[in-house]
Amino acid sequence: MMNRGQSTVIYDSWGKVPAGVLFGNTYEVGNYDQCRRSRYHAIAGQHCSLEVDASVLELNVDPVWYGVCMPAVCRPRLIGQLANSFLRTRGMRVVNDLKLYCFRDEEKPFSTITIVAIVFFSCYGAVLLSATVADLIFSGFQEDVPPCIRRFSVNINMKKLFEMTPKSTTKSGTMDCVNGVRALSMFCIIVYHVNDVTLVMPTVNQVMLVEYRNSIFGVLLFKLSEKAVDTFLLLSGMLVAMKVLRELDQDKKLNLLRLYLQRIIRIVPAYAALLLFTLAFTTRFGDRNFYEAISQEINPCFKNWWKLLLFFHNYIDHSEMCYAHTWYISADMQLYLLSPLVLIPLWKFGRRFAGVIVLLALISMCWVFGTITDNDYRLNVSDDQMAASTYYSTHARMSAWLIGVLFGYYLHQTRFTIVRMTKTLQIVGWTFTVAIFLVISYVTKKVFTEEYKTIPPIVDAFYESQHRSFWTFCLMWIIFVCVNGYGGLVNQFLGWPGWQPWAKLSYSMYLVHIWVQMVTVTMQVTVPVYFTVYGLFQSIFGLVGLSALAGMVWSVAFEYPFFGIEKILVEKWK
């Protein structure tokens, strides 16, 4: 038997009846750390979070989460049975799987993949360290650093990462404004994912969280930041078009093997390293009471990791996607691999083939429109099948990329000349751009708040099928006027050299920010938080900073060393 003092410690760590249930405080999970630290001889504490269906109380609230501290020798199934035997007499029951929400001291032996990862990252780290030391030694003696050392030197790669070239004063192959667009788009993606997690985090003031979610500011901050993915698709189509068309002009042919290997070498190393790190070490961080509720982004990786490396996981197992945000990488890779099918005819036939690309973009938009109308989907109602059909699938999202291809073709055709625009044309262009932004914002507010009940479902279909294309038109105008010297303050802002390191970091930040977010939230949140907009922005800036640090490590270790290998292959196949 436990002594009275120890029993008091364990009971004290239990959740009690929460205050403010009607204000949304449905979480009373007790003190997780106090429970886990309790000891009586060989018996340790085990913390379990019970999700209790309290609908019988007719309080019109979500299920109540209640924390209990039990001896570690008790199995989750037994704890659930004991809890239900008590709750059933009051018309309530436990509805969650306690195997996922009970935590006790357990040995975590290193798995095979963990051992492999430790060996790999240790050896690779030793290579980077050796190359860096050798680089410093060669530089100290003022001797040329061998290429093999330069590619893996952290010192040299850090300099490349933070190297900033002065803003171009004339029209050239460098589009300075794109750096600003890319960097800001990455920030917007982080804003979106912080909002996404915040809306499902346990809070003591759910009523205020719901009010924020339905407010104009909350909807626009959340949903407009999501458009950054379409911005990336536009930039991807634009840049691949300019690159391929330039090669076709020079060589009169396209080296497909070189084109594809360049992409694979740029994308795969950092991607594969993240997967290995995730599979090997994620479970070492997952030891908190809300871990399972937050880590759904990562748990499917243990089964579906290989689908990511084949770049088709955006079409398979949407309910169990590993790193769901990487659907974009798969979609972008698929479009890149198929790009010669539209770029070679575009180079040969010019504007005569542009109509085919426009038709493909229209087909993509019509697919989205038809899918939503045929299935009576509403955008404000979560539906996995709708997301699979209209959000993750490449054919549903390719309109922005195709528009980017046409834009890249036009920029390629006018690369040596300044496109002259009258003041009237500039005013009309900016007026339409601002008007489109305002219309998208207004309809977004209507569709994604409770107001959606007052509008017909066909509005959802029109919005979802067309708003991405109109968004890309706005971005095209901004880039176009900046490239041709009519951007004014906008061009000065987007073309600021300080954006260049952030733009270079964007891919690695995109890869690692979800893992960083999962770990930080899991380690931080053991009790419900109090939601405030100030706290939301604190989380946003915190995740931007931590993701930048992690992305810097990832970029220097797994991007820049392989850029050198890519250049060798390019020179070899010229």
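Every residue gets a Cβ built from N, Cα and C, even glycine.
Cross-referencing 56-76, 392-412 with TrEMBL places the feature transmembrane segment at 392-412. The stretches the transmembrane segment (537-558) and the transmembrane segment (424-443) are not in mutual contact, being linked by fewer than three Cβ pairs under 8 Å (pairs 6 or more apart in sequence). Note: the stretches the transmembrane segment (265-282) and the transmembrane segment (392-412) are not in contact (fewer than 3 CB pairs below 8 A, sequence gap of 6 or more). Scored by C-beta pairs under 8 angstroms, the transmembrane segment (424-443) has its highest count with 470-489, from the stretches 392-412, 470-489, 510-531. Per DSSP, the domain 'Nose resistant-to-fluoxetine protein N-terminal' (2-101) is made up of 39 helix, 25 strand, 36 coil.
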